[in-house]
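Worksheet for the structure shown next.
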Amino acid sequence: MAQFFKEKANKSKQLSPKLSLNVTQLDHLGAGMAQHQGKVVFIPQALPGERVSVQLTDQKKSFAKAKLIKIEQQSPERADASCPHYGHCGGCDLQHLALDAQQNHKQQSLNELMVKFSGSPVIDPQVQAAPLVSPPWHYRRRARLATYFNNNDKSLKLGFRALSSKQIVPIKQCPVLAEPLSALINPFSLLLARLKAKASLGHLELTQADNGTFAVLRVTKVLPAADIRALASFALTQGINLLLQDDSGALTDVMTMAPAEDEGATQVEQSALTLPEYALSQGQVSCQFTPGNFVQVNAEVNQRMVEQAVNWLDLQVGERVLDLFCGVGNFSLALANRGQNLDGLEVIGVEGVPEMVQQARENAKRNNLANLSFYHADLSADLSNEKWLGKIDKLLLDPARAGAFESLQWLQKMKPKKVVYVSCNPASLARDSSVLLSQGYQLKQLSMIDMFPQTHHIEAMALFEIAT
């Protein structure tokens, strides 16, 4: 049964009375919804079909929030949470819901948003592509853990942020992390607690790449030589690449730091670093990235998502394909690789972060993709007059949560025949879909992507074609 976080009672406030409510549905954040005195009440960890005892925690004019006290009548879709930290840690929020029910909820939420903005009463079943779903556990290849140094007892906590709080929940393992990463959390916690410069440690970022396990430890000051030796010994024993990152963002491999006198250690150039990488296109392409670069955290779903995007675009001889918000080349590399045997096919990747553009160019060079070029640009600006842009036959968009509304205003001048839109926020996808529909495009495929099982987060991808 799910474990519910019990806050300490505020003695200066009189607690509101307990209510017994019937939950009718989930909201887009995965909270149960009920009605009380004409208001919608949002109840985290409550499920549709359940009768629950709750206590109101916040009341607004048109809605209220409540804390779940007891489940009086349980939903058959309720599941036992697999993580001992569930209900305290702020990472997962749907472990109490069976996996198939999670996916059904996400599909329904996506469809409702698309219907709302499209003006269509329903999503055409012929448009509904199969969802891309993930294994329920151990799917995350990347995570950032926070640290907290207690100046009173000189102790250090390592963990994730608590639910709706900046407090840190110390953890020993995490069932949604790739197993090598989960297994590192407790050893890292013990190691960092022993260091002399605990007060100078920031967050810890863990990455499981195809070429090994990487850890980046943020430091605010140069560490003493004894700490460097302890970190280097740990990296060697665990068989990981352990990097330190200073205030400037510079990275240093602890194995290449020569211990100096008491003041610290000597730093080497970033060019000496081994960078994490992952394969695309059934191993035909390798994508390298630096810690801090954005990459999709679910490796298995990313592979299938990229393959589906390439298939949907249906590349042809002589076409020019634009990949906007391209990052380090996640889609561009696969598109260019598929197009190597198509005479005259060209892929152009555009990204707003200069460091990622440089890494993308390195990736194109490493993979010998002569039909691929990358450019740095302000993605909110009109790029239609850029000399390097030219004719665009097909378009791939993979924007951040804010979506691609500004870009779509000038992209209509290019009139690409097909548009694949990959979204980490269905609300902005639905909004931008209405723009594409108004420009003469038709929605041909819509796929829900369950990139983050056990959480409310929904990703999606859609294919639009210009009406003929």
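Including glycine, each Cβ sits where the backbone N, Cα and C put it.
Record check: Swiss-Prot places Gln296, Phe325, Asn330, Glu351, Asp378 at the S-adenosyl-L-methionine site, and the matching candidate among Asp247, Asp253, Asp398 is Asp398.
Site extent for S-adenosyl-L-methionine: the farthest pair of Cα atoms among Gln296, Phe325, Asn330, Glu351, Asp378, Asp398 sits 22 Å apart. Contacts of Cys174 ([4Fe-4S] cluster binding site) defined by a Cβ separation under 8 A and a same-chain sequence distance of 6+ are given as Cys83, His85, Gly91, Arg140, Ala143, Phe160, Leu181, Ser182, Ile185, in order along the sequence. Rounded to the nearest whole angstrom, the C-alpha distance between Asn330 (S-adenosyl-L-methionine binding site) and Cys89 ([4Fe-4S] cluster binding site) is 30. Taking a C-beta cut-off of under 8 angstroms and a sequence separation of 6 or more, Cys92 ([4Fe-4S] cluster binding site) has the following same-chain neighbours: Cys83, Tyr86, Val176, Gln454, Thr455. Remark: secondary structure over the domain 'TRAM' (12-70) totals 0 helix, 34 strand, 25 coil, with classes taken from DSSP.
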